[in-house]
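Colleague: Residues annotated as disulfide bond in TrEMBL: 4-16. Per TrEMBL, domain 'ADAMTS/ADAMTS-like cysteine-rich' is recorded for 52-142. According to TrEMBL, the N-linked glycosylation site annotation covers 138. Annotated domain 'ADAMTS/ADAMTS-like Spacer 1' per TrEMBL: 145-260, in sequence order.
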């Protein structure tokens, strides 16, 4: 707090300029680990007994921070959500000073207001986290990992397991037509096998922030046109991202990216400033009968320019087999009886196009060049009397 008293303005003198109250950071060291819980989580959990007074008898309500859908002007209020019923309340008009304004911000709350601060926790500092999660870093200590998935079978299937320490995670899912609810959805499974998102065929349709082991995962909700999961701080434990497909779903289009630390080189190693960059898999050369998919794999430097220093022994494959199911085939049935009991008539037999599992398909699904010609023929019986 500053006073305008050195000297006090008199006789029409100009009043002091600037802010009367200034804030300064203190105790900026990391707090002791509290089972991976954030400071805001601790403040919400302190109100777990609140439910007994407000909701009557029964077990105490469990409160967790609510971030999704909160207006920027309300970020420094203690807004908590009840785990069991989903309702949320403003449990305190202000969070404790020094609480981060949001999971993906380094700014902090002071007296109920969001004040800009750097990643070094110092108010008015300009320092930022780089893509590797290093405060004030230049992005040179990590590498980008990316991939995509465009074909899945019904049920839960792994997309990628992202290791502990990974930063700037983004997993995006858009179906081929860009519409909603096409039968494919993102899910997340923890290292112990439990689901923290969309497990047991139960979907979370609304936008939400998932708190897990001190890491915040921001989820768009399964009903969004572009379903997306993002996280900026380092993962404390590995997580497996999956796709859940139900019914006759359209083919999904899933992309993921994250950053991991580069492996340390030995003393005599030649520094590597290039990496293999891969594009998405192209269309299969055949729809059945074993085809081939190709993708572009290029060695590029940190500026994205073509390079030649990438290690060839770890070069990703540029082609892979696909469409390994047998093609539909023609099948002729038995001849029918002759159309006449005497003289010259005709006979016929059924012609079907069958899938590899015996299902009947439209004739257009089979190769017209292999279509049998003799499924109608003449037949001659005894001379008519």
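Glycine too: its Cβ is placed from the backbone N, Cα and C atoms.
TrEMBL labels come from automatic prediction, so no person has curated them.
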Colleague: At the Cα level, what's the spacing in Å between residue 16 (disulfide bond) and the residue listed as 'N-linked glycosylation site', rounded?
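Modeller: With the alpha carbons as reference points, the distance is 41 Å.
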Colleague: Compute the C-alpha separation of residue 138 (N-linked glycosylation site) from residue 4 (disulfide bond), stating it in Å without decimals.
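Modeller: If we compare the Cα positions of residue 138 (N-linked glycosylation site) and residue 4 (disulfide bond), the gap is 43 Å.
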Colleague: Can you tell me how the residues of the domain 'ADAMTS/ADAMTS-like Spacer 1' (145-260) break down into helix, strand and coil by DSSP?
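Modeller: For that range the per-state counts are 0 helix, 63 strand, 53 coil.
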Colleague: Relative to the Cβ position of residue 138 (N-linked glycosylation site), how many further Cβ atoms are located within 10 Å?
Modeller: 9
Colleague: Tally the residues of the domain 'ADAMTS/ADAMTS-like cysteine-rich' (52-142) by DSSP class, grouping H, G and I as helix, E and B as strand, and everything else as coil.
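Modeller: Breakdown, helix to coil: 6 helix, 25 strand, 60 coil.
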Colleague: What is the pLDDT of the domain 'ADAMTS/ADAMTS-like cysteine-rich' (52-142) when averaged and given as a whole number?
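Modeller: On average, pLDDT over the domain 'ADAMTS/ADAMTS-like cysteine-rich' (52-142) sits at 86.
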Colleague: Including all protein chains displayed, how many Cβ atoms other than that of residue 16 (disulfide bond) lie within 10 Å of its Cβ?
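Modeller: By my count, 13.
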Colleague: For residue 4 (disulfide bond), list the number of other Cβ atoms lying within 10 Å of its Cβ atom.
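Modeller: Residue 4 (disulfide bond) is surrounded by 13 other Cβ atoms within 10 Å.
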